[in-house]
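Participant: Mind having a look at this structure? Questions to follow.
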Amino acid sequence: MSGDARAPRIKNRAPAPVQISAEQLLREAQERQDAPFRATTQKVEDLEELEEYRGRKRTEFEEQIRRTRINISAWIKYAVWEASQGEMARSRSVYERALDVDPHDMRLWLRYVETELKARNIQHARNLLDRAVSVLPRLDQLWYKYVHLEELLGNVGGARQVFERWMSWEPDEKAWAAYIGLEVRYSELERASEIWQRCVTCHPEPKQWIKWSKFEEERGAVDRAREVFTMALEFFGDDEDRMEKAQTVYTAFAKMETRAREYDRARVIYKYALERLPRTKSVGIYSSYTRFEKQFGTRQGVEDTVLGKRRIQYEEELASSEGAKSNYDTWFDYTRLEEDAYRSLIASGAAPDSKEATTARSRVRDTYERAVANVPPSQEKRHWRRYIFLWLSYALFEEIDVQDYDRAREVYKAAISLVPHKVFTFAKLWLNYAHFEVRRLDLNAARKILGTGIGMASKERLFRGYVDLELSLKEFDRARKIYERALEWDPTNARTWIRFAELERNLFDTERARGIFDLATRQSAPGLDMPEVLWKAYIDFEFEERDWERVTNLYERLLARTGHVKVWISYALAQIGAAIAEEEDEDDEEEEEEEEEEGAEENPPKKELSPEEVEVRLERREEACKQTRKIFERGYQDLKMRGLKEERVVLLEAWKAFEREHGRTRVELESGEVGEEESERFKAVQSKMPRVVKKRRTDEYGEAAEEYYDMLFPDDDENKGKPSFAFLQAAHAWRQKQQQEAAAAAATESNSPDAQDSDDAGGSDEENDEKMRVDEEDED
């Protein structure tokens with residue numbers, strides 16, 4: 001072999017004479033197969049050879065049955081062979097010998113009978129079948145063979161006698177059906193009906209009763225079919241288990257009445273079964289009843305059936321859930337279902353004292369009692385929240401729908417007795433109970449209930465609800481006492497202080513409201529849960545009273561407690577807000593005077609201000625702006641002293657917003673050439689804005705450097721001596737000068753043909769200039 005691994009070259013590329021295909025492969029395989037073995041045929045020439053052949057075969061059969069005596073197939077082959085030779089006597093002898101060996105083999109009897117029938121020995125076949133059913137009366141195939149033979153021979157009486165012998169052994173339903181089929185084929189319907197009666201006595205199953213009634217109905221005996229169903233219902237009785245087993249009988253009975261157009265009878269049958277069967281065991285009847293009502297019933301009937309099906313579904317959910325105690329959603333749906341059913345019944349015109357209404361009302365109460373019986377096992381409030389709403393719904397049902405007020409009161413008492421008030425309580429429960437007594441016009445009972453609730457488990461919502469109740473009754477002195485009690489219980493609740501002061505203000509007792517606010521604010525700072533809300537309410541109160549001196553004093557007191565940037569901003573803006581409020585008050589007074597003077601005019605002309613009034617307002621505005629700037633400056637310096645850079649930026653932004661709106665002087669306003677952000681005051685505030693720089697510092701371990709952003713304010717002392725910062729300031733000033741010159745040049749060229757392009761270019765430069773420049777500075 002050469003070392004070259006290439007494939008050898010093909011010298012002859014012509015097609016082969018015989019192509020390899022599937023057909024060729026199959027043909028070759030067929031041709032190469034060996035010829036099948038064929039036994040030699042033996043031809044009998046005379047009687048002597050026939051006898052010799054028979055003797056040899058008999059010897060072989062005898063040897064075979066001698067070796068395997070219990071092999072019935074060998075006996076059958078032997079007997080069949082003898083019969084094929086015309087030796088019926090010998091064949092019967094072999095069958096009899098085989099029956100002596102095993103008389104209980106059904107195959108042996110059947111082949112014996114077939115052999116006699118092929119030989120047209122009818123009487124022998126009858127005798128054999130008679131012997132067979134006597135020996136093996138529980139084998140239905142032998143009986144079927146016997147009956148079939150008699151019917152084929154036209155011996156109907158004999159077939160009936162065979163059936164009677166068979167029925168005495170109480171066979172299964174198929175045997176009875178075959179006997180009935182025989183009588184029906186020969187139009188002996190009365191006999192068939194009698195056999196059905198004997199059949200249901202032997203096999204009292206629901207399906208047999210239904211088949212019997214269907215037989216009677218098909219032959220036109222509807223009354224007889226109704227009697228059959230009546231007998232069936234009497235047989236099964238009123239026992240729960242037996243009625244559950246007989247559901248199909250009730251359904252078939254009702255369907256038969258429906259086919260007979262006896263709809264009232266069918267409805268009575270359905271209701272009779274549904275009233276006596278448990279809801280969870282009557283799903284099939286409910287389905288049939290629903291279809292019946294949809295086809296032939298009224299709207300109320302359909303609703304009743306749907307209601308019944310939903311009841312079954314809820315019962316199954318409660319039974320299949322891991323624990324009904326935690327399945328409150330299903331209980332809510334279930335109780336709502338029963339309540340809606342009761343309301344629909346009353347709305348349809350049923351009297352509250354009628355039997356139907358009483359039953360529906362009892363069903364609702366029973367459902368609620370079952371639901372509230374599932375008390376949460378733990379002492380955690382989150383497990384009780386939905387449970388308490390079951391009690392509340394129960395009480396509302398008794399009060400509103402049933403109007404049984406004594407029972408509603410008992411429901412509330414039972415719910416209160418269950419709640420562990422030492423661990424937690426539910427203000428909604430106490431309040432609903434108290435409002436119930438108010439609706440019953442028993443105010444003393446309502447007050448006692450709320451007082452008991454506050455005494456057992458004080459809660460802010462309880463106090464608030466009690467106060468709202470007294471205020472709705474115009475009992476202001478009682479409301480004051482409740483507020484005092486609430487503050488004794490929890491003096492740190494800022495909302496209570498605020499509501500107490502608002503009550504006094506609404507009663508036009510300003511001094512009392514101011515005293516409450518003052519008493520609340522003089523507590524220690526950690527004593528209140530939300531001191532900022534209280535201070536804001538106090539300041540808003542004095543602001544609305546237009547007592548500017550007290551507003552200023554409150555801000556000063558608040559700043560003495562906390563120097564928060566929001567306080568400084570609110571303090572500063574309150575100055576200009578005071579001036580605006582005074583102007584609004586003056587305008588309101590003038591409008592009232594004008595309305596009184598002009599009387600019935602619908603759209604009176606608006607009175608313009610005199611020059612003196614305008615001058616007074618401008619001076620007031622300017623004075624307020626001065627005070628606002630002073631406070632902004634104070635706040636800025638205070639935050640600067642404490643080193644709060646982010647807060648300084650927030651204050652400067654608020655200051656800029658103020659200057660943007662109120663920063664222009666009277667001259668600048670009159671000229672109209674100075675924009676909101678072009679005034680000197682706005683620029684002064686803008687110059688205080690910091691620059692964001694990127695710095696580097698070593699981490700706390702001194703191993704690696706990290707970058708961070710810092711803000712550098714122009715007026716910080718630590719930045720004034722740094723050359724880098726001075727250089728950055730000069731660069732920034734030069735940049736601003738360049739921007740101003742570019743803007744002036746763009747204004748002069750606005751009338752040129754290329755104005756649009758130059759405007760676009762200038763706009764892009766301005767957008768870039770507005771972006772905050774981030775400079776890098778290395779810090780060791």
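Cβ coordinates come from backbone N, Cα and C, glycine included.
According to TrEMBL, the domain 'Pre-mRNA-splicing factor Syf1-like N-terminal HAT-repeats' annotation covers 59-205. Residues or ranges marked as repeat 'TPR' by TrEMBL: 72-105, 460-493. The region 'Disordered' feature in TrEMBL is assigned to 581-613, 732-780. The compositional bias 'Acidic residues' annotation in TrEMBL covers 581-601, 756-780. If you look up TrEMBL, you'll see 603-613 marked as compositional bias 'Basic and acidic residues'.
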Participant: Sort the residues of the domain 'Pre-mRNA-splicing factor Syf1-like N-terminal HAT-repeats' (59-205) into helix, strand and coil with DSSP and give the three counts.
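Facilitator: Tallied per class, the domain 'Pre-mRNA-splicing factor Syf1-like N-terminal HAT-repeats' (59-205) gives 115 helix, 0 strand, 32 coil.
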Participant: Give me the DSSP three-state residue breakdown of the repeat 'TPR' (460-493), ordered helix, strand, coil.
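Facilitator: Taking each residue of the repeat 'TPR' (460-493) in turn, the totals are 27 helix, 0 strand, 7 coil.
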Participant: Near the repeat 'TPR' (460-493), which residues from the same chain, at least 6 beyond its ends, have a CB less than 8 A from one of its CBs?
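Facilitator: Non-local partners: 427-428, 430-431, 434-435, 438, 443, 446, 450, 453-454, 499-500, 503, 507, 523, 527-529.
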Participant: Restricting attention to the domain 'Pre-mRNA-splicing factor Syf1-like N-terminal HAT-repeats' (59-205), give the mean pLDDT.
Facilitator: 92
